[in-house]
Each structure stands twice: as structure tokens, then as C-alpha cells.
Amino acid sequence: MAWAGRLRELLSMPGFRALYAARLTSQTADGIFQACLLSYVLFSPERAASPGALAASLAIVVLPFSVIGPFAGIVLDRVSRQRVLVFCSLARAGFLVILVILIAAGHTGADFYATALAIVSVNRFVLAALSAGLPMVVGVDRLIGANALSVTSGTVVALLGGGLGTGLRSLTGGEDGAVALVAALAGLAYLGAAVTAARLAHRTMFGPERIIGWVGVTAQFRQVLVDLADGAKVVWRTGPARRALAALTASRAAYGLVLVMLILLYRNYFTGPDGGLGGLAVVVGASGVGTVTAAVVTPRVTARMPKARWIMIVLVGGGLAEIALGLPFSSPLCVVAGLLLGFSAQASKICVDTVVQEDVPDAYRGRAFSLYDLLFNVAFVAAAALAAFVVPANGHSAPNVIAAGVGYLLAGVLYYRAARQHAGDMTVRAVGAPRPSAAPEPPAPGPPGGPRSHFHKFTCRP
């Protein structure tokens, strides 16, 4: 088969194999760590879970991707990316030692959350280095396949790592000592990631091609903020992107509310074999199936209908599914809802990604995607924070289920109503199809010879 031949070609490249191995070991460790964090904060029998603790955990996992991400490129232009992979993995292992001690002592205060935040923040540089290093080890003609293999495999091994951590916790009793053991395993996995990057790759294998000095770095940090503002202005002036981003941001907020309710339901409401961390893992697995299905279906559907219409269909469908399947508060129905909402989220995101890629000029596209990431994740965390005040501790709340469903419905309907008034939004062009020739793009703003935006090279999508 053609895909098998392309896979063999990629794996025959020593540089790609080294980077691929570094990604797999690192993201396996990420999965184990996330299972540790979730089980300790929310599913420990020794403490009650609360919406506030859940919101804090979600903020720790999500926000560093958007807050630190735009600045990562400044560092990755100035140091060996292979060294970034090695030393960041060692740093994460060191922080895990502290976390093991805190978990064994039963701490859940600011010291625990600060340590967890440090681990996730360092991880942002690792993911950026993995993406930035890829063009150094494969040719331009193989980048799409290499990206698809790397990102998909990374997601899969992160899920497997999460399953490994969850299984180890269950086998060892599920108390704080068991979670500390999972944290120790995550630390060993990060050490393995450091050894992999150190042994399989040499210092310059992943770039940068030319090390830039640290002179002027303060001005470049300021330039990042200017670039974000420029991205916001361009997105606002680009109607299709503005409308699509607004719809996706609204649906992401609804999803944040749904996720908080879902986790609390499995922690405090559903009992027996359908409840607990194992039951939640089934929902996550179903959502993953929906995500993969959307990636297969969406390019085919958008070859026959406008992306705006498909976005409306999947958002409205997600809202109806949330209300119809969520209100009975049944674990099996939650699994089905997880599958459908996973499909809705991924299908709409694929389309919105493509709208931004098609309609925002290349000179601004990296900055637009950085703004996109910021809106996407801040909406999610803001909704989770709101849920801390409006969702009961057991997650059982019919008004909030309806509110989340209505949020999906309004996002889809209002977006499509606005999109129908613009012919460009209703153009039929499949996701992944070549973009028609367009007018010359305007140059990026800024003085001649001034610091160039770092977004175009290191925008890494979570």
C-alpha cells in the first residue's frame, strides 16, 4: 500500500527516527504524568473532588500552551533544539521528584500546583522543539506525512501512557502512595526521554541552522506582544476567519462546561463499574474514536458542501446530542455523547483551521494561529472556572446540561446565519484542497530590518 511505502521512507531517515523516538518517549511520559495529576486531584479516595480543584487542574494543563507558546520560538532560535529536548526532560524528571514527595505527604496546596505547572510549562518548549526540528530531518515534500505520523503517534502514546498510569494506580490500591508510584514512573519515563534525545541525536541534528545571539532578545519579547496585536487586527479584518473563530471559541466554552460536569459525574455520581476513573476512560476513548472519524469524514463532506454549512451541522448536532444524551444522566449514554461531541469538536476545528489557513495572508498566518490558540484555550479554561461556581460537586445539573447544549446550538446557528450573507464563506472547497490563486499578500508590519515574528515557525497546535 502507498501509505506503507511512505512510512518506510520516513523511518529510513536517521534524523526522523531520532526525532520520532524522542517524541514517543516524551509524550508517553506526558500521558503518565497527566494520569497522575488527574487521579490525585480528582479521583483519590483520600480527598473530595470539587469543581474548583478541577478548574485549577485544567488551567494547569491547558494555559501554558497558549501563554508560553508564542515566546518559545525566541529560545529555540538561540540554542540547540536537541539540547532543549535533553535538558527539559531532565528538568521535568527533577520536578517529578518534588511532586512524588508532595503526593506522598498528601499536599494539594500552592506548592503542589506550582510544581505541576512547572512541569507542563517546560513541556511546552519540548513540543515546540519537536515541531521546529522536523523540517531539519525530512524534506519539504515529506513534511505533511511526517507531521501526520508524528502528531497522531504522539497522541496515541500519550493515551497509552495515561492508560498505563491509570492501570498501575488501580493495581496498587489507588491511594496517595499508589499515585506517588505513578508519579515516580513518570519521572523515570522523562529520564528515558532525555536519554533517547541524547543518545540518538547529535547537538545540531534538529537545528537551528544558525545560532542567533541573545543581543536584542528583550526587544523580541516585546515584538511577540506586538505580533499578537497585529494578528488580532488581521483576524478582525478577515471576515471568514473572524466568524469561524467566534463560533469555535463559543463551542469550546460549552465543551469546557461539559467536561467539568462529566468528570464530576464519574467521580461523585456514577457508581459501580460504570463510574470512577475507569468509566471516564471509556468516555475519553469514545471521544477519541469520534475525533479520528471526523478527520476521515470531514475532507470528503467539504468536497460537496461549504465548510460553513458543515460547521453549522456538527455544532448543532453536538448541541442536540448533549441535551438528548446528557439529561438522562446515564453512563452508557455519556459514552455515546462523548463520541458525538468528539466528532463535533474535531470536525469543526478542522474546518476552522482551514478557513484561517485559506483566508489569512501568509505573512500574518502564524500570528493569527497564536491568537487562535489563545482564544481556544482561554475560552475553555474560563468556562471551567465558571463551572466551579455553578456546577454541584456531583456534576448532576440539568440546567447546566441544557446551557451547554444551547451554547453549541447558538454557536452553529448564529455562525451560519452570518456566513450565508457572504459568498466567500459559502464557497465549496474541500479541506486539504489547493487554494485558488489569490492577490499578492501584504508584507508583515514592522520597520525594515526589525525583529521578525517567531510565530510563523513555531506555532504548535495542541
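Cβ from N, Cα, C; glycine included.
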Transmembrane segment range according to TrEMBL, out of 146-166, 419-439: 146-166
Positions on the same chain near the transmembrane segment (112-134), where near means CB under 8 A and six or more residues out: 16, 19, 22-23, 26, 30, 33, 37, 56-57, 60-61, 64-65, 68-69, 72-73, 75-76, 81-82, 84-85, 88-89, 91-92, 95-96, 98-99, 102-103, 143, 146-147, 150, 205-208, 457-458, 460, 462
Paired segments the transmembrane segment (146-166) and the transmembrane segment (278-298) in contact, 3+ CB pairs under 8 A: yes
Recorded stretches the transmembrane segment (368-391) and the transmembrane segment (278-298) touching, at least 3 CB pairs under 8 Å: no
Ranked first among 178-201, 245-266, 278-298, 310-329, 397-416 for CB pairs under 8 angstroms with the transmembrane segment (20-43): 178-201
Non-local residues, at least 6 beyond the ends, that sit with Cβ under 8 Å of the transmembrane segment (278-298): 159, 162-163, 166, 170, 262-263, 266-267, 270, 310, 314, 331, 334-336, 338-347, 350-351, 431
Beyond the flanks of the transmembrane segment (245-266) by 6 or more, those residues with Cβ under 8 Å of it: 42, 49, 51, 54-55, 58, 235, 275-277, 279-280, 283, 311, 315, 318-319, 322, 326, 329, 331, 334, 338, 341, 344-345, 348-349, 352, 356, 372, 375-376, 379-384, 386-388, 391-397, 400-401, 403-405, 407-408, 410-412, 414-415
